Amino acid sequence: MKIAVVVFPGSNCDIDLYEALHTVCHADVAYVSHTQKSLAGFDAVMLPGGFSYGDYLRSGAIARFSNIMPAIIEFAQAGKFVFGTCNGFQILTEAGLLPGALKRNNGLKFICKTVELEVSNNQTAFTTQYQAGEHISLPIAHADGSYYADKATLEKLERNGQVVFRYAGENPNGSLNNIAGITNEQGNVLGMMPHPERAVEALLGNEDGLRLFKSILENGKIKEEAAL
Amino acid sequence: MIATEMSPQEIKSNKPYLDWGLSEKEYNYICEKLLKRLPNYTETGLFAVMWSEHCSYKKSKPVLREFPSQNERVLQGPGEGAGIVDIGDKQAVVFKAESHNHPSAIEPYEGAATGVGGIIRDIFSMGARPIAMLDSLHFGEIKQARTKYLINEVVAGIGGYGNCMGIPTVGGEMTFDDCYTGNPLVNAMCVGLMEQKDMQVGRAQGIGNAVMYVGAKTGRDGIHGATFASADFSDEKETQRSAVQVGDPFMEKLLMEACLELTNKHADWLVGIQDMGAAGLVSSSCEMASKAGSGLELVLDDVPQREPEMSAYEIMLSESQERMLLCIRAGFEQKVKKLFEDYGLEAVVIGRVVAGKQYLLKHNGQTVADIPVSSLTDDVLEEASQEQVPQRILQAQKKQQWIPQINNAAEVLTKLLQQPTIASKKMFTQTYDSQVRTNTVVGPGSDAAVLRVRGTKKALAMTTDGNGRFVYLDPKIGGKMAVIEAAANLIASGALPLAVTDCLNYGDPNDPAIYWELHQSVLGMAEACRTLDTPVISGNVSLYNESNGKAIYPTPMIGMVGLIRDLKHIIPSFVQHQGDLVYLVGQTKQDFAGSELQKMQLGEISGSLNEVNTTKITLRMKRLLTAMEKGLVASAHDLSEGGLAVALAETTFGTKYGIKGELSLSGAELFSETAGRFIVTVAPAKQKQFLAEMKDKVALIGKVSGESQLHLTYQDGQFNLDLEVVKGLWEDAIPCLMKSKD
């Protein structure tokens, strides 16, 4: 399974994703520049955190117009794995690959801390290594993480089990339904505000994010084997 | 603009240079000795900024020579963008601190943000990747709405810039005192990591080589910023405050990545690289020429400009942010252009290295400056300053020392934990991304921040420390204490202190009492640095920190970086296991002058400080570090503001443990602030080895208990404090003050 980490101008968690996959999970991973137009040869694509295009105008709003986006949209529509964390999540909502939007945090400030999450759906390709309803801790680091969607969309998300992660302790940013991460209807695109890539090593005090990457790698392998 | 510029003769008679900070004596010296003619408008402007204290250190230089700046590890001492220290494996750590006090007092968000941006450029200009930011912030007491505004905006500016750059803000300090109300201190430190082979210098040499400009366009912002930083504030002079620069961290992120690609992958194209910081294009270009003994010719029409019809004077003195100056080998200009284009940036040839030693500026087809390079950089008139011992110091020596009366130590401790300088700063630090790039092993809220060096067993520890109160009461001893405190923070984390960067924040040096403070405190710091073998490899001087005639406390900030040779030796600040033995390392004396307790009980500080024996403390710290590296220490916490009692409480915060202790100290001594002490916890099985390693001067004072209680029995009393309760008060103190209406 080959994974692309897309680098936009202003991405800054690209190295964190890359290292989590490469050094910790020993996965086959490569950086792909926003200027590229193709994701040929890749089985999964990941959009890192950061401040793409300075987050000017609105977080993720400019990145969605970059050269690589049509390829990512095509990739998602083909049912391949797409994962976005933090700014990556914001870009996925801006690009329409995930419903809803991420607003300024309720407290209006950037928050960097570790929060408690509930794994609300462990049946997605991204979460099979977690227990259903399990509580985990992951760091957040964002100013625009308050998830918003209209009532009908929220109901649909809940009904379909698209809410994958939920803030289980304090809701740090005012997200509706305590939503921290969602998938698309097909379940192959996941966006989440917390940073699992920051929680993959005991040295840094937290390994709760590791199973997310292991889930993707395992399910990618199953998919590959099925295709053969 | 050009039409309105004064002629050389008009400059001589109207003396506009006085407003730009150049004295009549200096002007005459330039005319008679250096140029042997009258300088024109642009030239006079160049002299004014380059001869400002901010660029020339003309006042502080004689004093700065006291600092040790070399040892076998130092690869680059003061004089370049930042200092560089060998950390083995052909790697090096690069660091520097800088003040942005004056801009932050006026426009706190942009002042702080551009302070961060400037120091980051200094680091990547050396060829290093910035890996961490720290800060040292000093504000007035949290009472006035203006102070709260300054705090909120400075913190937002630091976070806004660093978070966007993707450089974690991992540590720092924040203190509060009335002396900083009108003139807050905003010091930022950046730490970078590099391969030694990638080391760069800010040099322009080789006749015919190109001078290239990269980054943001030049506008009229921040003109005379360096001069502005070299004068006092007063309410009447409000209109003289020139525009503070505006930062664009996204631009800087692109600039950083492009410059790092150039320095790390195409060093053969590059001769030299330097940040355009204070005094913008003039300082960067003439310093690059001066260091190489070259001549330089710049064509100002080619400088990318944001605004129309800028004069030569404005172009040269602008302090627009996010700009770098490169010296590129002739023939590689197009390759450099292409590299920067890939990042969406413009790289433009604006001049060449030329034969001779002149600094030549052309604009609109005319020569607008033709002066020796060295006249701007090397011929600055150093100013001998008057010194005088301040009255308060003479008087304090005659008075009796204050000894506190402690009737209820538990209540005193509870109150001390809520003093803003001691209370939790989480409300601010959690607005900084402290983890990005996933190297942060220990983030904000510990003695020192610790970052692993990816791909090695090593880690780096870093801290910023400065306590103006002690320096105010005794500059020399206070100076020693500042260095000892920084070293103690690193040692407590298990790191060997390597080297120092500083920000020297003082009042108006023309006041003999203030110059004396500067001189004495530097002597104290220098002595401690020599004893610890931590040379001062970079730094900055910020004088004229006064507001309406009242100076801040002399507040030197020490930034220190240490090396942890093996990740296994990283020592936590917090107790680890029930049953571990609690040791107090270092003797406690009657050190109450300038203490947090004195400030709290009397509302002001007074008295004289006891001598600090840096040799003894250094030996003690070395022994402790050896014990740590032998795996004998479970946790360690350095004692600072609030003394032993506060440190005992802090070392349990965030754990489920408490401490039960018995001390041969008085209730007052629980709060003494004697320098160079630690609380160390040791597993019972390692007690014997630990004691053998430490030799003397450690006292067993208790045990880590299983419940969240601090139970202390001391000479004249005892108490039992619920740590959950006081932790809550410690955490809520600053948020409450920030929210309260005044």
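Keep in mind that glycine also has a Cβ here, set from the backbone N, Cα and C atoms.
Automatic, uncurated: that is what TrEMBL annotation is.
Among the candidates B:Gln245, B:Gln388, B:Gln391, the residue that TrEMBL names alongside B:Ser99, B:His100, B:Asn101, B:His102, B:Arg121, B:Glu319, B:Ser320, B:Gln321, B:Ser542 for the substrate site is B:Gln245. Among B:Asp19, B:Asp502, B:Asp508, the residue that TrEMBL places alongside B:Tyr57, B:Lys96, B:Gly539 at the ATP binding site is B:Asp502. Checking each of the recorded positions (B:His54, B:Tyr57, B:Asp275, B:Glu319, B:Gln321) against B:Glu98 (Mg(2+) 1 binding site), the C-alpha distance stays within 10 Å for none of them.
Note: the ATP site is recorded as B:Tyr57, B:Lys96, B:Asp502, B:Gly539; in the same chain, B:Leu64, B:Pro78, B:Ala97, B:Glu98, B:Thr501, B:Cys503, B:Leu504, B:Val536, B:Ser538, B:Asn540, B:Val541 also have Cβ atoms within 8 Å of that site's Cβ centroid. B:Asp502 (ATP binding site) has B:Ser99 as its nearest neighbour among the recorded positions B:His54, B:Ser99, B:His100, B:Asp122, going by CA to CA distance. As a whole-number mean, the pLDDT of the domain 'PurM-like C-terminal' (B:207-358) in this prediction is 90. Of all residue pairs in B:Ser99, B:His100, B:Asn101, B:His102, B:Arg121, B:Gln245, B:Glu319, B:Ser320, B:Gln321, B:Ser542, the annotated binders of substrate, the farthest apart have Cα atoms separated by 20 Å.
All protein chains included, B:Asn540 (Mg(2+) 1 binding site) registers 23 other Cβ atoms within 10 Å of its own Cβ. Burial estimate for the recorded positions (B:His54, B:Lys96, B:His100, B:Arg121): highest at B:His100, by number of other CB atoms within 10 Å. Straight-line distance linking the Cα atoms of B:Lys96 (ATP binding site) and B:Asp275 (Mg(2+) 2 binding site), rounded to a whole number, equals 13 Å.
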